[in-house]
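TrEMBL annotations:
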type: DOMAIN; residues: 508-651; note: domain 'STAS'
type: TRANSMEM; residues: 65-93; note: transmembrane segment
type: TRANSMEM; residues: 145-165; note: transmembrane segment
type: TRANSMEM; residues: 203-220; note: transmembrane segment
type: TRANSMEM; residues: 226-245; note: transmembrane segment
type: TRANSMEM; residues: 257-284; note: transmembrane segment
type: TRANSMEM; residues: 304-327; note: transmembrane segment
type: TRANSMEM; residues: 381-397; note: transmembrane segment
type: TRANSMEM; residues: 403-421; note: transmembrane segment
type: TRANSMEM; residues: 442-470; note: transmembrane segment
Amino acid sequence: MMTGAKKKRSTVWRKIQAVRLEDIKAWCMRRLPILEWVPVYNWKENLVPDTVSGMMLAIQQVTQGLAFAVLSSVHPVFGLYGSFFPVIIYAIFGMGRHVATGTFALTSLISANAVERLVPSVRTNFTANNNSGILGLSEFEMQRIGVAAAVSFLGGIIQVAMFTLQLGSATFLLTEPVISAMTTGAATHVVTSQVKYLLGMKVPYMSGPLAFFHIYAYVFENIRTVQLEALLLSLLSIVVLVLVKELNEKFHRNIKVVLPIDLLLIIATSIACYCADMEYVYGIEVVGNIPKGLPSPKAPPMSVLPEVVTEAFGVALVGYVASLALAQGSAKKFKYTVDDNQEFLAHGLSNMIPSFFFCIPSAAAMGRTALLYSTGAKTQVACLISCVLILVVIYTIGPLLYWLPMCVLASIIVVGLKGMLMQFRDLKKYWNMDKIDWSIWVSTYVFTICFAANVGLLYGVVCTIVIMIFRFPRLLMICCTDFSLYIDYRAKILNLKNMKEVEYKYKAEDNCESLKQVKIVSVNSPLVFLNARKFHADLLKIIQKDGMNSQCEQNTLLCSFSNGSCHGELVQSCHSERRVLILDCSGLNFFDYTGVSVLLQIYMDCKNRYIDCSSVCFIAASLIKAMQYGGNLDSENPIFFESISSAIDAIQIH
């Protein structure tokens, strides 16, 4: 026995000794992405745009931090902390260079369920200046943030555990219709939670099944208690916010710096509230005392962890799903990669570590990320610069926000959710592309409204899988096999001068050949959410194979339709050489919204030159219609054709 134990120890020691410095360096680079982009940061070209973006981001972080803290049922100052600490952690561990993490409406709403359940509200304002607790806040407020921090801490642990189990690859189960419906339903819940501030009413906290309807029933029963001053101020704030944001969006190409209307509105209403003494004259609720400085670290109350498990899972899943979508979108737009599992680690640590500094749950937000896009941010340096400015607010400007009306904060929250609420417009697209996906969207939204965001998300995933099993019972077995079942790797590289399979007229020009090679790839399997991601990855490998990754000057997408088959053809002009990829979809007998979205993504990648060569795919009559409904297929050259030969003739012409 001793000999065996010694051998095991010796084997372990040899493995430890076999670890090279290069392996350690590679691991650090993989788990600390900041080490990858900081050494190559171009200070001369990127610092100015990152600084401008950071300044604009800081304004939005402050306003949203205050608003989402109120949404989380904690003191507004904790939203400022939540806009500072998680941003630093994500900049170190996150891979999304244009992702702005921080406070988030959906995670705040979920954590509010635990806060209101465990520490019921005894008053609905923050004006009490009780110095008996930490930071000069009351014991009641510290108990509330303790629960919210516990939700953040446990949610972070769950995300880190998912990273350890490498569950990032399971995100393919979260289809776009499910995510869209869940976020839209959650945004509707957020708007509902702000009704009491918009109307200046005293509405008791309600949770549980059908609480959404109970809130509105209570509001209509007590409509006479509406505070007209608060209602008018809310309406004015919403009109100003919507109008200026629309103008900013319309003229963003003509102006380098957008008008920070959120900040200007906060300053203007705070001054007006102070001068008119609205808190006492009209009874308008204000934010109240904002403590100065950062808090000393303190562990969240571990005793409440068993009681916040449900909310922690909701924060972990909902926050990760929303953040990953933004990270993948920015990676695609700016041509870099994002590791799904690394994002689990980044967001897990962004929730765990800041929970020791009284932070509410965090995630990436669509509005802040879009702001980084529009202001020309290059890296996470923009987010770190915003942290510096937020620190200035925490230490100097914070106390001046005492007179900020709560109805104005509520207006900022509601207007900020416009993007999520506008996802209702996608219903027409889902109906035209796949009525099953439409029904999943509607039912997921209804479940989210009737219960909660995490329940709606779970229902959507389960519903999608169950419907797929009954809709195509053999698909799950197919998806577990090699992707050669989907893509026919017997595809040939054909020189058109010797090609006899297709009739065409070919005439070489003096300076270059009008067409040199055709690569044919056949798709012989359903294309749905279960295999769409792998299809995309493997197709890109085929595109980049055999020297098709050279610099391109022209992209043209061509699709052929013949007897229910699809042939997508893409032309590139590389010096004196043009190549075409024909994607034969005659075997594509079944697809859903996610499958069509992948085909559209391939087309857009080629059109916008996000991939190194021209390529593309498609068809079948129903697929043509679905793709036309799903995206903008505008092209200078023809797109759809009846046969391969007609497509090749058109390629030579154009």
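Here the Cβ of each residue, glycine as well, is placed from N, Cα and C on the backbone.
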* Structure fact -> The answer for the transmembrane segment (203-220), taking Cβ pairs under 8 Å and residues 6+ beyond its ends, is 73, 113, 116-117, 120-121, 188-189, 192, 195-196, 449-451
* Mean per-residue pLDDT computed across the domain 'STAS' (508-651) -> 59
* Asked: Are there three or more C-beta pairs under 8 angstroms joining the transmembrane segment (403-421) and the transmembrane segment (145-165), sequence spacing 6 or more?
  -> no
* Asked: So which residues does the transmembrane segment (381-397) touch in its own chain, when a touch means Cβ under 8 Å and the partner is 6 or more beyond its ends?
  -> 41, 46-47, 49-51, 53-55, 57-58, 61-62, 65, 80-81, 83-84, 87-88, 90-91, 100-101, 292-294, 372, 375
* Residue numbers, six or more beyond the limits of the transmembrane segment (65-93), whose CB comes under 8 Å of its CB atoms -> 31-34, 99-105, 108-109, 111-112, 115-116, 121, 126, 135, 137, 141, 144-145, 148, 190, 193-194, 197, 205, 287, 290-291, 294-295, 342, 345-347, 349-351, 353-354, 357-362, 380, 383-384, 386-387, 390-391, 393-394, 398, 401, 404, 406, 409-410, 412-413, 416
* For the transmembrane segment (304-327), what are the same-chain contacts with Cβ under 8 Å, counting residues 6+ beyond its ends? -> 94-96, 99, 101, 104, 106-107, 110-111, 113-114, 118, 146-147, 150-159, 162, 171, 174, 179, 182-183, 186, 338, 340, 343-344, 347-348, 351, 361-366, 369, 452-454, 457
